[in-house]
Amino acid sequence: QISKMFGTVVVGVGIAGLARIRDLMNPMPSSPSEHLKLIGFVSRRSFGNINEAKQISLEDALRNKDIHAAFISTENRSHEETIRMFLEAGKHVLVEYPMALSAKAAHELWDLAEQKDKVLHVEHIELLTEEYKQLKKEVAGKDLVKGTLHFTGHVLDENKSGFPAFSGIARLTWLIDLFGDLTVTSATREKQKDKNYSRMTVHFQTANKKPLTWIEERGPGMRREKKINFCFTSGCLENFPEAPRSSVGLFMQDQNLFAKKLLGQVSKEELAAEKWRILRCLDLAEVIQQYCEEPEKIYC
């Protein structure tokens, strides 16, 4: 039996793209990642080579029959177009979240992947962190009364990263993964252009009509951190549980998951649940953006 190999290309070499190149060149021994072979990378900037990886043009990447899969690590704004090109060319795709900046585009791309019988995998490393895995164990089986997830971080260029509900979809993904389906009850956004400050506040209800709040706040010099306050019938959780350090990096864990999908080792049920979660979060992100962009209601 010849072991099946998938030629891959990395598109975009920012922080994530460089991590992808590193992990593809040094797969974990006897992990699914050993079935991925880096053929090259694509970038608008000219590098020549990065370690042993060679730079190739986008046209070559799309045409090359030895490339079966693309890792897309470009800015959010260009995800949609890049995913579409590689799916149309008959390649599998791994893309950093958010996969697109509108729900409509996300659904269309997913349909295209299914039509082409290709894997479309959206990276969600925020679900793979030890901190999150411990939190999920802690929350399991408890009855939520109310909760808040408050994220702060540095300023993002929205032209590149999209509306905060999309660029911050990692937080939304946490809430859906922890508490099940949510409905948006209201969402507002405060912007101070002169201070380069933005704060989005979203109110949700769980299926049991319990309130959850998500705050996404960004400004100059703001430390990147998450604060939680989840209250259950049994008491409140205000700090993250202690978590061990993982021996396997987050991008590597994600890469192994993608390789498992390529090898057909992920169950239909898991794939369906993941598809639902990803598209549901993007649908909600769009609803949030619509709420925030509604013209101010005028009271007279």
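Note: Cβ is positioned from N, Cα and C throughout, glycine not excepted.
The domain 'Gfo/Idh/MocA-like oxidoreductase N-terminal' annotation in TrEMBL covers 7-124. According to TrEMBL, the NADP(+) binding site annotation covers VAL13, GLY14, ILE15, ALA16, SER43, ARG44, ARG45, TYR97. According to TrEMBL, the domain 'Biliverdin reductase catalytic' annotation covers 132-244. Summarising the annotation, TrEMBL assigns Zn(2+) binding site to CYS281, CYS292.
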Stretch-averaged pLDDT - the domain 'Gfo/Idh/MocA-like oxidoreductase N-terminal' (7-124): 96
Pairwise CA distance, ARG45 (NADP(+) binding site) versus CYS292 (Zn(2+) binding site), rounded so that it is a whole Å: 36
All-chain count of other Cβ atoms within 10 Å of CYS292 (Zn(2+) binding site): 19
Cα-Cα distance, maximum over VAL13, GLY14, ILE15, ALA16, SER43, ARG44, ARG45, TYR97, record's NADP(+) binders, Å: 22
Least surrounded among the binding-site residues, given as VAL13, CYS281, when other CB atoms within 10 Å are counted: VAL13
Euclidean distance between Cα atoms of CYS292 (Zn(2+) binding site) and ILE15 (NADP(+) binding site), Å: 30
Spatially closest candidate among VAL13, GLY14, ARG44, TYR97, the listed binding-site residues, to CYS292 (Zn(2+) binding site) (Cα to Cα): TYR97
Cα distance (Å, whole number) from CYS281 (Zn(2+) binding site) to ALA16 (NADP(+) binding site): 22
